[in-house]
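Read the structure below first, then the notes.
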Amino acid sequence: MIRSRIEQVQAWEALDSRGRPTVAARVRLTGGATGTTRVPSGASAGSHEARELRDGGDRYQGYGVRTAVAGVIEALEPAVRGLDANDQATVDAAIEQAAADAGPDRVGANSTLAVSIATALAAADQEGVDLACRLAGDGPLLLPMPMINIVSGGAHAGSAIDLQDFLVVPHGAASFAEAIAWAQAVRQRAVEVARRRGFEEAVLVADEGGLGLRLESNEAAIGLVIEAIEAAGLTPGEQASVAIDAAATEFYAEGAYRLAAEDRVLTAEELITEYAGWLDRYPIVSIEDPLAEDDWAGWQTITARLGGHCDLIGDDLFVTQRDRLDRGIAERSANAILIKVNQNGLLSRTQDVITAAQRAGFRTVVSARSGETEDAWVADLAVGWRAGQIKVGSTHRSERTAKWNRLLEFEATADTEWAGWP
Ligand SMILES: C=C(OP(=O)(O)O)C(=O)O
Ligand SMILES: [Mg+2]
């Protein structure tokens, strides 16, 4: 008997970290192994992402996923039952075909990802190894450099400021554990810095655990992170620097970038000049989504101007889709990519995207979503695919610490390499 055949797929509604329903699934194999997962969900989602299916109507204010759960049971389980879970590509192809046959009103990317990931976890369970080891094959596991949210704005913090994330990158750390310890100290000090500036609400955390502060400008958030780095006893630029996720699609409309917190409207050229000024004044190692998802011309301009100075990471630009990445590589738009498996909807296709990006010399950052769960497998993806960097939120929310703790466990118990600043 082949013990790794898929015998059963179960699915149900679980809750994500925003308290919204999300699809959960369990895959059981003939040998008794199981894989269980809950899928994450974005708030500042790109419009070209694989679509998650939501019920609409009044139930859970339109956030229910009963239809997506039914899609797993009725459309996907019959398609994958009997397949070998060790053959992820064949399972994913069957999921993709069944999803296409059923149509987007019955099966969403949240349905397909649940089965795809649960299959990979079941196969790892059957083999008695971590998912990271299966993904790495014979290669060594690489612990990624973390970037950790300190100040939040945009869709994750009630638009307190316009740009979405101001993060710390502890690139001078000698190990992953030291990197987390430094980042945690910076996050802790940021609360004190904010209180000194009169922000009593600095105890409030945004969706990914950053501080949601109504600062006087977006640039002020950079200054606050730098001050917190210094307060933690670290040297900005040498031991720790700033990363930004502008999530610019969220403040772009009709050809212009509107910074509401500063009452300014900028063209792409003016916004690029703004970023260039920040790069002159502060140690900034990366800017994610500096421009909107379809502003390809702006992306070309910023990559030509600033690509030699920092990572320009495409999130909403690429949405972990191969065709958009290929265009970015050909046109020299961006020099790095954010990898979010639920933007794609299938594990093996996501692996194809990160492999293509690495071959093209792009930096790669595996990322969680703003709506997360206690699942930690995103850490396995980063380590097994040797991404080099990871972004899963702050050190102050347990759906985030689940991932940091998984990486700390890898460092303490497995044979790993430390990416350092890749
Ligand atoms: C993680 C992010 O946010 P969301 O999940 O809301 O898209 C992001 O924009 O990088
Ligand atoms: Mg982003």
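Here the Cβ of each residue, glycine as well, is placed from N, Cα and C on the backbone.
Taken from TrEMBL, the feature active site, proton donor covers Glu208. Following the DSSP three-state reduction, the secondary structure of Glu208 (active site, proton donor) is coil. Sequence-distant neighbours of Glu208 (active site, proton donor) (same chain, 6+ apart, CB under 8 A from its CB) are Asn149, Ser152, His156, Asp165, Ala368, Ser370, Gly393, Ser394, Arg397, Arg400.
Taken from TrEMBL, the feature Mg(2+) binding site applies to Asp245, Glu288, Asp315. In sequence order, Leu163, Gln164, Asp165, Leu167, Ile287, Glu288, Asp289, Ile313, Asp315, Lys391 are the residues near Asp245 (Mg(2+) binding site), counting only same-chain partners six or more apart with C-beta under 8 A.
The compositional bias 'Basic and acidic residues' annotation in TrEMBL covers 48-58. Summarised by DSSP class, the composition of the compositional bias 'Basic and acidic residues' (48-58) is 0 helix, 0 strand, 11 coil.
In the predicted structure, the domain 'Enolase N-terminal' (6-135) carries a mean pLDDT of 96. The domain 'Enolase N-terminal' annotation in TrEMBL covers 6-135.
The domain 'Enolase C-terminal TIM barrel' feature in TrEMBL is assigned to 140-420.
If you look up TrEMBL, you'll see 31-58 marked as region 'Disordered'.
With a 10 A radius on its CB, Asp315 (Mg(2+) binding site) counts 31 other CB atoms from all the protein chains. Cβ atoms within 8 Å of the centroid of the Cβ atoms of Asp245, Glu288, Asp315 (the Mg(2+) site) belong to the same-chain residues Gln164, Asp165, Ile244, Ala246, Ala247, Ile287, Asp289, Ile313, Asp316, Leu338, Ser367, Lys391, site residues excluded. The residues of the domain 'Enolase N-terminal' (6-135), classed with DSSP into helix (H, G, I), strand (E, B) and coil, number 58 helix, 26 strand, 46 coil.
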